[in-house]
Amino acid sequence: MDVAIIFGSASDKEKMAGAAKCLDEFGLEYKAYIASAHRVPELLEQILKEAVDSGAKAIIAGAGLAAHLPGVIASKVTIPVIGVPLDAALGGQDALYSIVQMPKGIPVSTVGINNSYNAAMTAVQIIGTSNEKVAAQLKEYRANMKQKFTADPVSF
Ligand code: RP5
């Protein structure tokens, strides 16, 4: 697989769908898993081994509340971990602070609250640094985005 997507609970699934959508747009291979760092730490270990052994270039990890999942994953792998703070309470600010404030040497690259699409976009960009096809797709994506804007004034 190119990317592993892991989130802490079945209740996170809808918020993490943006990651799958983005990876589908770029035709990248991924597997998604539900594994809580607190509830099933042994299962998480097993999933991480599978992801690393199958050559994943990044892991996207989403969690809410005391969101330790991305940080725990980052402590166990050396591939980039992209954290998605999820709004399960307090507008997701509890999860944002839990995920973003990592100790020096063990980073989690953190995106905005519930922004799993951007987490996958970061993974695509990581893959694009060593994959010409993906790099070309990223250029096309940006060109298409620009075409949606014009200098014409907007009327109401
Ligand atoms: C976290 O707690 C999960 O990532 C989820 O966002 C939150 C609530 O989980 P459930 O109690 O709905 O399983 O571990």
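Cβ coordinates come from backbone N, Cα and C, glycine included.
According to TrEMBL, the protein has these features:
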DOMAIN    1-149  domain 'PurE'
BINDING   Ser9, Asp12, Arg39  substrate binding site
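A simple Cβ count within 10 Å picks out one of the binding-site residues Ser9, Asp12 as the most packed, and that one is Asp12. Neighbouring residues of the recorded substrate site, listed in sequence order and excluding Ser9, Asp12, Arg39, comprise Phe7, Gly8, Ala10, Ser11, Ile34, Ser36, Ala63 (Cβ within 8 Å of the Cβ centroid).
Binding-site extent for substrate: residues Ser9, Asp12, Arg39, maximum pairwise Cα distance 15 Å (rounded to the nearest whole number).
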